[in-house]
Amino acid sequence: MSSRALFFFALLAFSAVSCFAENEEEPGLVMDFYKDSCPQAEDVIREQVKLLYKRHKNTAFSWLRNIFHDCAVQSCDASLLLDSTRRSLSEKEMDRSFGMRNFRYIEEIKEALERECPGVVSCSDVLVLSAREGVVRLGGPFIPLKTGRRDGRRSRAEILEQYLPDHNESMSTVLEKFADMGIDTPGLVALLGAHSVGRTHCVKLVHRLYPEVDPQLNPDHVGHMLKKCPDAIPDPKAVQYVRNDRGTPMIFDNNYYRNILDNKGLMMVDHQLATDKRTKPYVKKMAKSQDYFFKEFSRAFTILSENNPLTGTKGEIRQQCNVANKIHD
């Protein structure tokens, strides 16, 4: 065999080994990622969520909000959970994160996992799976999800507003930001159905009440909103809020869509969802069918949970979810 032919076969073999190594190194997200390394991981998360929900039912809203605020900002890498340092500001301290709380319960779940399988389960997977279990606790669908995410080492606070839609932005902007994650119009409408539960702080809605009441609001709902938000400039630290859904505030259901079609949406994004010609048909369809809402929510939730994760050898498995691991030289 000529030296040229030998060189060709050697190069081919090297390429095959390189590709194999690359595939081994970056397996991506898979179902039941922890089946060998920590087979009880998802059960531990589920049980912890049950216990915490029994103690503090509002935690379920926090877990649900966590996945959106983390995964929508470039990557599902638990960057949201990182505390501020001398070099970087935490995403938790940004205006778009106003009202977010209960992060300590993520730490409780992580501590339970560390007792079972030290250094195995990422905070990113804890964040995603606790959100899923929170939906179940509230009466929503169980969503099978892939795992194997790893944790980022830096806050994304400086780019947060580029990715995370604001409640006062135009529907075109909101649709565009969701589309960038691969989430289509019915998916967007379904994800905003998370407003079926939880509450909105008066800071986020007083512009619809003062100095004049937004004429697009249902007059029957205005009195309640004014009672809950009596100040034109509310104290951000005060417990002043309106339940997103007065009828079934603790149940994840399609009542939200009936409310916004009746002009009872609290924030501008809720109102736009029910009136924009691109989204209204899906709002009406979800108002009529909870099964359709759950189906579209599950699909969009899955896409959101798989947005540009760190896998394989990228990132790390944090020991504590609020701080990156120390690097030892």
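Placement of Cβ uses the backbone N, Cα and C atoms for every residue, glycine included.
Look at TrEMBL and you will find 28-325 tagged as domain 'Plant heme peroxidase family profile'.
The annotation disulfide bond is assigned in TrEMBL to CYS38-CYS117 (among others). Taking a C-beta cut-off of under 8 Å and a sequence gap of six or more, CYS117 (disulfide bond) has these contacts in its own chain: TYR34, SER37, CYS38, GLN40, ALA41.
Sequence-distant contacts of ARG65 (site 'Transition state stabilizer'), defined by Cβ-Cβ distance under 8 angstroms and a gap of at least six in the same chain, are MET100, ALA194, GLY198. Summarising the annotation, TrEMBL assigns site 'Transition state stabilizer' to ARG65.
The annotation active site, proton acceptor is assigned in TrEMBL to HIS69.
For ASP70 (Ca(2+) 1 binding site), the same-chain residues lying six or more positions away in sequence with a CB closer than 8 A to its CB are CYS76, ASP77, ALA78, SER79, LEU80, LEU81, SER124, LEU127. Positions annotated as Ca(2+) 1 binding site by TrEMBL: ASP70, VAL73, ASP77, SER79, GLU91.
Here TrEMBL flags CYS71-CYS76 (among others) as disulfide bond. Within 10 Å of the C-beta atom of CYS71 (disulfide bond) sit 29 other C-beta atoms, taking all shown protein chains into account.
If you look up TrEMBL, you'll see CYS123-CYS321 (among others) marked as disulfide bond. For CYS321 (disulfide bond), the same-chain residues lying six or more positions away in sequence with a CB closer than 8 A to its CB are ALA78, LEU81, PHE103, ILE106, GLU107, LYS110, CYS123, VAL126, LEU127, ASP151.
The substrate binding site annotation in TrEMBL covers PRO165.
Sequence annotations record features per position, and here TrEMBL assigns heme b binding site to HIS195. Sequence-distant neighbours of HIS195 (heme b binding site): residues of the same chain at least 6 apart with a C-beta under 8 Å from its C-beta are ASN244, ASP245, TYR256, GLY265, LEU266, MET267, ASP270.
If you look up TrEMBL, you'll see CYS202-CYS229 (among others) marked as disulfide bond. Under 8 Å, Cβ to Cβ, and six or more positions away along its own chain, CYS229 (disulfide bond) finds CYS202, LEU205, VAL206, LEU209, GLN240, VAL242.
Cβ neighbour count for THR248 (Ca(2+) 2 binding site) (all protein chains, 10 Å cutoff from its Cβ): 17. What TrEMBL records for ASP245, THR248, ASP253 is Ca(2+) 2 binding site.
In sequence order, SER79, LEU80, GLU91, ARG156, ILE159, LEU160, TYR163, LEU164 are the residues near VAL73 (Ca(2+) 1 binding site), counting only same-chain partners six or more apart with C-beta under 8 A. Counting only same-chain residues at least 6 apart in sequence, those with a Cβ under 8 Å from the Cβ of PRO165 (substrate binding site) are ALA72, THR173, VAL174, LYS177, PHE178, VAL269. Note: the CA-CA distance between THR248 (Ca(2+) 2 binding site) and HIS69 (active site, proton acceptor) rounds to 24 Å. The Cβ of SER79 (Ca(2+) 1 binding site) has 28 other Cβ atoms within 10 Å, all protein chains considered.
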